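Annotated features in Swiss-Prot:
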- 12-22: motif ''HIGH' region' (MOTIF)
- Cys144, Cys147, Cys157, Cys160: Zn(2+) binding site (BINDING)
- 334-338: motif ''KMSKS' region' (MOTIF)
- Thr337: ATP binding site (BINDING)
- 541-563: region 'Disordered' (REGION)
Amino acid sequence: MPETIGVFVAWPYANGDLHLGHVAGVYIPADTFARYHRLRGNRVLMVSGSDAHGTPITVAAEREGVTPEDIFRRYHGRFLETYQQLGISFDLFTHTHTANHFRVAQDIFRTLYEKGYIFTQTQIQLYCEYDRRFLPDRYVEGTCPYCGYPNARGDQCDNCGRTLDAIDLIDPRCRLCGQRPLPRETEHFFFDLPAFTDRLLAYLERQTHWRPNVQHFVRNFIQDGLKPRPVSRDLEWGIPLPIPGYEHKVMYVWFEAVIGYLSASIEWSLAEGQPEVWQVWWRDPRARGYYFIGKDNIPFHAIIWPAELMGYDESLNLPYDIPANEFLNLEGQQFSTSRNWAIWVPDFLSRYAPDPLRDYLTSIAPETRDSEFTWQGFVERNNNELLATWGNLVHRILTFVQARFEGRVPEPGALDGRDHLLLDQIAAGFQRIGDLYARVELKAAQREAMALAREVNRYLDEKAPWFQIREDRAAAATTLFVALRAIDSLKLLLAPILPFTSEQLHRLLGYRDRLFGDIVIEPGPETGGHEVLRYRPAASEGRDRWAPSELEAGRPLPPPQPLYQKLEESVIEEERQRLLAQSR
């Protein structure tokens, strides 16, 4: 029976382009996972959107002298194009500045307030006398009181992952003017997180399938003692509080952004013309929701969002899994947008194809510890693995069939033990590799699939059809038939990671249907419209296609084309110099 799988993906702040650190830790893993489940015929809903609110957007707007809406709409549009080019197949990628999201977020806030889970309290907050304003979270930087990191933000330390209150920073400084702000009293709303301690601990105990890094972080976070969390801010840009007399305050972005998973599911439902179908993913206890995030977002998704759901409506499904990734570094340093030490995805895709990037980032995915992107690693992976092990294998099989078997799948004779051994190994790989994809062990799935590609190379070298055909054409035909079935199967095993070239190989193997659908940019469902990204499924989806090849003899094959191109070694130094030049 098909499974119901929610793929809920972290919402990027719409204040700058996406860099490779973003896509390595969140978007490529989420898309790989979603594509696997679509190949299984499961019912998948993958949603996210641009985070349009919060101080990163207002800080960028003030720096440029434009409105926050100008900033978020600019980068929201760029996100849509980037995800489309990279093949990130969101069923819906929207943003948080929609009437639908306002409505859902305000309903949750109001309900929690009426139930007593949100209360008002006077708070000490940093105030800049020079700028004459309170300084919410990212308007302040300083030294982390826990790890000593000198550039911690007022809401979180990127070094140790702790959530912070700006008032706790050592030597705080205003990001607008650089001066030291002073503490002042202001009234704010707080979420009573301690009220959920027992329920959160019970929930955590059931999540034995979570990654160890996530389990340990959450357990330590709860055992350190939960504290009420502020849920309002003194800003003009954001979602107004739905409490009479407090409409001049807005919701704290960490509180309302996670609500986007629910509101985006509802928006997708509305766009589909089935206003209630979102409940299949949110109320059916058999449905499973997977949240793809970076490790810095663990507390918001593993503690705060579950608590919001518990307090708002206990019939809503809590996160089933949170496969949070560690961080990706770049050429020996952390990614830094302020220093421009980053590889921006639009820039990368202007020079290189998407599948080699997806392949390399999967091979170095920071699943359990930080990892590193290097240009040398990218070039070597492209040339020595993707091209040499997989691309060349496909090309030499297809060109041989085109040249010596009139471009048709050869008619095999009786298969011998070596033929059966290879096909049995690949058939067994569907269960083993499928289980790895399902457990979000994507590096291991890729490793196993590439190991099978090496087995096919060994098989060809042993059988040597280029020699067989001189003396026994039937034996060569059998070898090529087995090899074609092998690469047809491997095409599926690698398709979640390599959607573009797997689709290309699907056509080269004579198929007329498609593995995957289209990713389109179109108006959203609200009057007046806002642009969204939508995945339009292929006609072949909805059934389980995760099975070994049944490619039939006699099928005509189109002229072969190479799947990948070799990268020159000179690329390494050229790209390193480009990176150094832009970061100066």
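The backbone N, Cα and C atoms fix where each Cβ goes, glycine too.
These figures come from a predicted structure and were not determined experimentally.
Recorded features from Swiss-Prot, shown on the structure.
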residue: Cys144; record: Zn(2+) binding site; contacts (Cβ under 8 Å, 6+ apart): Pro150, Ala152, Cys157, Asn159, Cys160, Arg162, Leu164, Leu169, Ile170
residue: Cys147; record: Zn(2+) binding site; contacts (Cβ under 8 Å, 6+ apart): Cys157, Asn159, Cys160, Arg162
residue: Thr337; record: ATP binding site; contacts (Cβ under 8 Å, 6+ apart): Gly16, His19
For the region 'Disordered' (541-563), the number of residues DSSP places in helix, strand and coil: 0 helix, 1 strand, 22 coil
Entry from the binding-site residues list Cys157, Cys160 having the most other CB atoms no farther than 10 A: Cys157
Average model confidence [pLDDT] within the motif ''KMSKS' region' (334-338): 85
The motif ''KMSKS' region' (334-338) - residue tally per DSSP class, helix then strand then coil: 0 helix, 2 strand, 3 coil
Conformational class of Cys160 (Zn(2+) binding site) under the three-state DSSP mapping: coil
The motif ''HIGH' region' (12-22): DSSP-derived helix, strand, coil residue counts: 3 helix, 2 strand, 6 coil
